[in-house]
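See structure below.
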Amino acid sequence: MSGFHASQCGFCTPGMCMSIFTSLINADKSKRPEPPKGFSKLKVSEAKKAFSGNLCRCTGYRPIVDACKSFASDVDLEDLGLNIFWKKGDRNPDVSELPSYTLGGGVCTFPDFLKTELKSSLDHLNNPCIAASREGWYHPRSIKEYYELINSCLFSDSVKVVVGNTSSGVPGYKDQDLYSKYIDIGGIPELSNIVRRESGFEIGAATSISRTIEILEEECESISSPNGSVVFRKLANHMSKVATPFVRNTASIGGNIVLAQRFPFPSDIATILLGAGVTVCLQVVAERRQITLEEFLEQPPIDSTTLLLSIFIPHWIPDSGTNTSLLFETYRAAPRPLGNAVSYVNCAFLGHASVDEQSDSLVLSNLRLAFGAYGTEHAIRAKKVEEFLTGKSLTASVVLGAIQLLRETVVPMEGTSHPEYRVSAAVGYLFSFLSPLSKGIPEPGKSLASSSADSADTDDVCNLPLSTRRETFSSDDYKPVGEPIKKYGVELQASGEAVYVDDIPAPKNCLYGEFIYSTQPLAYVKSIKFKSSLASEKIISFVSAKDIPSGGQNIGSSFLFGDEPLFGDPIAEYAGQALGIVIAETQRYADMAAKQVIIEYDTEDLSPPIITAEQAVEKSSYFDVPPELYPKEVGDVSKGMAAADHKIPSTEVKLASEYHFYMETQTALAVPDEDKTLVVYSSSQYPELAQSVIARCLGIPFSNVRVITRRVGGGFGGKAFRSFQVATAAALCAYKLRRPVRMYLNRNTDMVMIGDAVIEHVASVLSVDANSVREKNFHTYCTLQLFYPDSVVKLLVLHCILFLIEPRAAPGRVSVLNDGSIVVEVGGIEIGQGLWTKVQQMTAFALGKLWPDGGESLLERASNDNVNLSASAYWVPGQVSNKYLNYGAGISEVEIDLLTGAITLIRGDLVYDCGRSLNPAVDLGQIEGSFIQGIGFFVYEEYITNSDGLMISNSTWDYKIPTVDIIPKQFNAEVLNTGYHKNRVLSSKASGEPALVLASSVHCALREAIRAARLEFAISTVSGRSPLEFQMDVPAPMTLVKELCGLDIVEKYLECLSTCERAAGA
């Protein structure tokens, strides 16, 4: 990982390493041929799948995949990106330069404390009744013991039956209170049995999903007939896209089905097993029952008196003695191809196809058409559609009739998101299943032809070669500055030894806090109470604005436009504003207790809140912008409009918000010290201002507050100001209670609290190429002179973006110690951008000029003469050097599926101006990561709020950042080093934020693809308008893409074919 520059903030890196290790071990266990020496049995096509369950916000995944690919026996070494093993430009990179991999040598040696923990867990499993002081965890060893526990007097309180307990991580099904008792049935042998029969096989309900996949794959290999194994193979393939590998390793197959039976859970597994004709075995007290999965899903929700024992998957084969083929397909429409995303709709279709001798066309029989996740209580069979299709020759008219029936059957419940899309996608999948079987439905070009990319059995899109070209141009002028050396501390990050705030051991008597926030905007908070529950009993203290010390201020953050209060008091100004803090003995207790809050609001005498930008404009509600921040006025808009040949009186551009989604959520640890002093460990990009805010809140001198930030697990601006609130809250609680207090926001709370299309429109109205409009709006040397002084503009580069950078003043200190080691203090925080690495390089360059031959004698003399080898400075950028421009260009190629709106990024090419890069490897990672984050902003990440402005897409369940399976299949990035510039720091330029704007090329490419589809099928979303004119907001996820391509496109196509059929028949 370190050699491929595959770690930035480092918070996700240990997990990435574990995923690589797991994929290598699994590959070693396979029956593949022995690989060449130094390689593993891993294949390049599996490299990306290794990280299907991992998230990263910094790197853009490319270097991480390269690190994994380097182990693969079929890797093309020239496809591997920038690394430290061979220099850029080497024509014949040699595998011997890579660290050698020993096949089967990946044995982990567990430390003693883990062995002790494992032994303790096994001891618990051998004891059926292990209980703590008010909470109990029970391990029955048989079904009989389970029912004895259930019927005993111990279980008069709430009890939860678990195997993997993964449902606790699913929004809508998470625990809302603590349970007094838990029964773990995973240790009951009968629930893990695997029984193979000639007619199929039975799988115990406690079997993990991963193990179920293995069993299905084993059955495929044991069945000689390809036609007979098709069901098992496609079930296994679909299940491999459910959740993530980590969840599948823990979650049980029965637990998933039970969750789908008890709640409207959008289970893929229940749907595909329903399509496969699965039956289930239940234990209801003393009675054992065998029923179909369909019957099980339709009965009332089961309780703890009913156990799901096993499922039986039949072995489907074609009818003997007839020329019949078995058909089975599964589908899922989801934002991510490889899983880690819940489906908008899922389907499973099974049937037999035979040739009708009279019509010479295919006829279907024994159909099972299952649909789920479209906004239904549970998966269903479309029986009317099955009956309609059975025995009929498949013509365009018949398929159209089936689709019309399906629309009557698949009806989402009220409140379901994107209901029209879900129905349209279900229609598309049925069309995709039936159209290849019909002679009367020709392939309509490249549009409706195939949704194979959405078939859960197809991995072609994900198995495209992962090639890359990562070019850099470096200079030796400031060597070692400009060298692509590996990032400082990366080995610590990869091994998990790097210490982040929450890794700091909890001090003695440490308490934990969680925010309580408002769910309403602009309302008086009349009272805050808590429900009577097990969780609320864990509350040790509740801290609010009333607990701010005398002389302190209600301040939680400080911005350019003023201070922000720590608590909404007495008015909650917006939904998501903090109202108080719950304190408990563990973070889990604090999180659970916060869910028990009951807040009473009053809006009397208050005007309606302003929620949207449109409302703010309507009510003339604007911030007062300081005069020095106003941009310079250039030209006269009114004169320009008057002289224009073509005028567009108005248009609308909508850009949604994007959540920072740092891997490490907001966190702080406050430790009270003597004499009213505090030490606060904060994950902050701006600890200096955090110190100020904390001291002002507590009413104590700044010198009494020490804020320590060693490293930050991702920031992206989200920890520049919003981190103060968490640090100040923890400090206030610690100051009041005189005990250490730690706060580590869960993802939901963090998301709630912290949390250009004009050119295309012009091109559509004028019927010209959008790129020609862009070219007319490029800056030239003359236009740049209007905005910036001559001395700033040194080079004309016409690219797609310009990004203005304004460096800030910063302190620095360098000390040379007696042994020659050097301590450098800088006014910046390492958040993954490689600050420490670049400072090391610049220090080596600067001191190397002073002591080119080493300074041992000089150090000895300085020590003897008591000379202080320490210097400090406060650098303030001048009027000329405090602003400069970044240039960049990006071009993207995308492909869309008209049946589902699924988006595939085929290729991305970036050229980025870095000035003279201080470290090309670090800067290239920043550029790629920024571009991928931009793809999330422009395409995938839906920041959804309710009518009160409260964020409701507040978890990884709803909010989807880019993952490894959606990055461009071919990703070319080039760092363009421009000339020497005396007014910039060693002629360098920023590399982090600007490249995000280049991702607009993906949005533009999507628009072009949609425009082509609309033109081909004459789709117009607004009556009277050309198909080329449409509004495409940001972001543009697959649901919007499908809507713009036409939600009824299949029906229109079939209606056209049906008309032709009738005309031919007449």
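Every residue gets a Cβ built from N, Cα and C, even glycine.
Note: TrEMBL annotation is automatic and uncurated.
Record features, source TrEMBL:
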{"type": "BINDING", "residues": "Cys9, Cys12, Cys56, Cys58", "note": "[2Fe-2S] cluster binding site"}
{"type": "DOMAIN", "residues": "130-318", "note": "domain 'FAD-binding PCMH-type'"}
{"type": "BINDING", "residues": "Ser252, Ile253, Gly254, Gly255, Asn256, Asp268, Leu308, Arg332", "note": "FAD binding site"}
{"type": "BINDING", "residues": "Gln685, Phe716", "note": "Mo-molybdopterin binding site"}
{"type": "ACT_SITE", "residues": "Glu993", "note": "active site, proton acceptor"}
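Counting every protein chain shown, 31 other Cβ atoms lie within 10 Å of the Cβ of Cys58 ([2Fe-2S] cluster binding site). Cys12 ([2Fe-2S] cluster binding site): 24 other CB atoms within 10 A of its CB, across all protein chains.
Between the CA atoms of Phe716 (Mo-molybdopterin binding site) and Glu993 (active site, proton acceptor) there is a gap of 8 Å, rounded to the nearest whole number. Under the DSSP three-state reduction, Gly254 (FAD binding site) is assigned to helix. In this record, FAD is bound by Ser252, Ile253, Gly254, Gly255, Asn256, Asp268, Leu308, Arg332; the longest C-alpha to C-alpha distance in that set is 26 Å. Here the recorded positions are Asp268, Glu993, and the one whose Cβ sees the fewest other Cβ atoms within 10 Å is Glu993. Mapped onto three states, the DSSP output places Asp268 (FAD binding site) in helix.
DSSP assigns Arg332 (FAD binding site) to a strand segment in the three-state reduction. Sequence-distant contacts of Cys56 ([2Fe-2S] cluster binding site), defined by Cβ-Cβ distance under 8 angstroms and a gap of at least six in the same chain, are Cys12, Met16, Ile64, Met663. The Cβ of Ser252 (FAD binding site) has Val163, Gly164, Gly186, Ala205, Ala206, Thr207, Ser208, Ile209 as same-chain neighbours under 8 Å, each 6 or more residues away in sequence. Note on the domain 'FAD-binding PCMH-type' (130-318): its mean pLDDT in the predicted model is 90.
Taking the C-alpha positions, the distance from Gly255 (FAD binding site) to Cys58 ([2Fe-2S] cluster binding site) comes to 35 Å.
Note: the Cα of Cys58 ([2Fe-2S] cluster binding site) and the Cα of the residue listed as 'active site, proton acceptor' are spaced 11 Å from each other.
Comparing the binding-site residues Cys9, Ile253, Leu308 on other C-beta atoms within 10 angstroms of each C-beta gives the minimum for Leu308.
When each of the binding-site residues Asn256, Gln685 is scored by how many other Cβ atoms sit within 10 Å of its Cβ, Gln685 comes out lowest.
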